[in-house]
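Peer 1: OK, TrEMBL features for this one:
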{"type": "TRANSMEM", "residues": "122-142", "note": "transmembrane segment"}
{"type": "TRANSMEM", "residues": "171-189", "note": "transmembrane segment"}
{"type": "TRANSMEM", "residues": "195-214", "note": "transmembrane segment"}
{"type": "DOMAIN", "residues": "205-274", "note": "domain 'Concentrative nucleoside transporter N-terminal'"}
{"type": "TRANSMEM", "residues": "226-245", "note": "transmembrane segment"}
{"type": "TRANSMEM", "residues": "281-303", "note": "transmembrane segment"}
{"type": "DOMAIN", "residues": "284-382", "note": "domain 'Nucleoside transporter/FeoB GTPase Gate'"}
{"type": "DOMAIN", "residues": "386-595", "note": "domain 'Concentrative nucleoside transporter C-terminal'"}
{"type": "TRANSMEM", "residues": "447-470", "note": "transmembrane segment"}
{"type": "TRANSMEM", "residues": "538-559", "note": "transmembrane segment"}
{"type": "TRANSMEM", "residues": "571-598", "note": "transmembrane segment"}
Amino acid sequence: MNENSSKGELNEGFALDEEVESRITDITRTYKTEEFRISTEENAEHREHSRTELKQLTFKCLKHSVHLVVVGYFSYATYHYLDVETNYCDDANNNNKSAFNGGGDGNQTNHPLCGMQFCSGYGYLILLLSFSYLALFYNLVFKAAIGHRLYRSILRPLQAKYSHLTKQRSVCVLKWLLILVCLVAFLYFETRKAPSKLVALLAPCIFILGGYTFSSQRKAIKWRQITTGIAVQFLLGIVCIRWSVGRNIFHCIGNKVAAFLGYADAGSRFVFGDTIVNEGVFAFTALPVIFFFSFIISVLYYLSVMQIVIMKLGWILRKLLDTTVCESVNAAGNIFLGMSECPLVIRPYIDQLTASEIHSIMVSGFATVSGSVLAAYLKFGASPAHLITASVMAAPASLALSKLYMPETEESKTKSSNIKLAKSEDTSILDAAANGASNAVPIVMGIIANLVAFLGFITFLNVVVSWLGFLVGLDQIDFEWIFSKLFIPLAWIMGVPWKDCDIVAKVVATKTIINEFVAYERLGEYIRNEAIDQARSAGIATFAICGFANPSSMGILIGSLSAMAPKRRPVIAAVAFRAFVVGSIVCFMSASFAGIFMDEEQAL
């Protein structure tokens with residue numbers, strides 16, 4: 001027994017030793033594995049850190065290289081400009097003077113670099129570089145080092161004091177009296193040589209009175225929003241139309257935009273051929289520009305340039321008008337984007353919007369046109385400066401009038417702290433460019449389909465009404481004639497001279513019942529045939545029809561917003577017609593202000 005017991009204990013001892021050795025081996029193996037893993041991770045982190053440092057170094061070198069190239073190019077451009085100015089321009093001026101004094105031909109071909117031309121040549125280069133480097137300085141240096149402290153220590157307290165001061169009744173009354181005196185004085189000096197321009201003030205007064213009468217909730221109207229929005233629209237009109245410097249700036253911008261969009265003509269000629277393009281077929285000359293512009297917008301969206309611009313402009317509108325973030329951002333975006341594309345910027349938040357916010361978004365869409373269709377209007381002879389000015393003026397007015405006709409009665413769920421604009425889903429610049437061009441296909445096809453269908457339907461209505469008139473001895477009556485007569489009073493209160501009211505009313509009626517494409521085509525035809533007596537009337541008409549407010553656009557916007565927020569479809573459909581009317585009124589308000597500021601020589 002003892003011997004067996006000893007053997008058993010010995011075996012157990014061996015087993016225990018083996019188990020201990022096995023555990024030690026496992027621990028050692030685990031330790032080595034863990035040590036190897038840690039070492040591998042450290043090496044990976046080290047490599048990643050080295051790679052990051054290399055990327056940063058490469059980016060810094062590239063950034064400094066770009067700056068050096070810009071400085072070098074600007075230096076040589078300056079040298080070349082001074083050389084041309086000294087050796088060519090002075091000689092040309094002397095020759096002109098000699099020829100003029102001698103009675104000869106003093107006409108000399110001016111070099112593009114002669115003189116400081118800020119819309120072309122060397123002056124334009126200075127402006128581009130100045131704005132670019134000022135923006136870089138503000139964002140990288142001033143904003144981080146000084147801007148935030150300046151806002152917290154000075155601007156915010158001043159803003160609070162001003163807000164507190166203006167809440168006092170006496171100060172508020174004094175402020176508005178001062179504004180009224182300035183307005184009366186300005187209108188007196190502006191219209192003393194042409195008192196008939198004052199007729200254009202009737203339109204804003206009637207529209208504001210109508211807004212109060214038909215407002216969905218009169219007690220909820222915030223008059224500060226309304227007056228501020230209309231005042232900003234009025235001031236933009238002064239800057240962009242009446243002030244010669246602002247007018248020249250927008251004229252320059254308009255020409256640059258027209259020239260830029262004109263580059264799409266090369267693609268149209270390659271694809272469709274010179275014969276079709278030279279014939280001026282609408283589908284092959286005007287509409288292909290939409291592909292090009294959509295291509296550019298998609299690339300800018302991928303690079304986050306559009307988001308930055310829209311957010312900055314939206315912030316300005318929000319601070320001025322005290323509107324919500326989504327409303328303001330959408331109104332700013334509609335200056336550049338179309339009514340269907342712009343809501344995509346705030347797509348994640350559409351489900352949370354109130355009925356008033358949805359109404360405001362739809363009004364902004366109806367009151368403006370997108371950059372992608374500007375070239376189509378330019379093909380019909382519309383002024384690019386007028387089109388851009390109309391879109392800029394419509395941004396604050398659309399917010400103001402939307403809040404007059406449908407004030408906010410709910411608390412907004414979207415705040416500036418929880419709003420982030422959607423980023424592009426494209427994987428690269430090439431992907432963004434290709435998708436941008438492809439995304440324009442349904443837009444172009446939608447325009448073609450709507451033009452074919454609506455023009456056919458209007459022709460049918462014209463024939464029916466004309467036949468009914470023929471039966472009672474009225475041969476000249478058709479559907480468009482009846483509708484245009486209803487718009488004659490509107491044309492007159494916008495400042496159109498009475499002799500041109502009939503033609504302008506036809507154009508506005510065409511835009512309202514068909515669309516703005518047909519309206520601009522007919523306006524261009526009237527201008528070419530000199531059917532419009534005054535160029536100022538054509539300018540007012542250009543502003544009045546610069547918007548997407550028409551029946552087909554109403555259906556398109558209802559469909560696109562409903563697709564983004566299916567749960568809000570009943571609300572979207574309920575406010576659509578009101579938004580359509582208010583969007584049209586915004587365009588008419590811009591046209592009436594243009595009628596006050598525009599002289600005959602400034603109109604076209």
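Keep in mind that glycine also has a Cβ here, set from the backbone N, Cα and C atoms.
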Peer 1: Which residue counts does DSSP yield for the domain 'Concentrative nucleoside transporter N-terminal' (205-274) in the helix, strand and coil classes, in that order?
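Peer 2: The domain 'Concentrative nucleoside transporter N-terminal' (205-274) comes out at 60 helix, 0 strand, 10 coil.
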Peer 1: Going by DSSP, how much of the domain 'Nucleoside transporter/FeoB GTPase Gate' (284-382) is helix, how much is strand and how much is coil, in residues?
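Peer 2: Counts, helix then strand then coil: 76 helix, 0 strand, 23 coil.
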Peer 1: If you average the pLDDT over the domain 'Concentrative nucleoside transporter N-terminal' (205-274), what number do you get?
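Peer 2: That region's mean pLDDT is 87.
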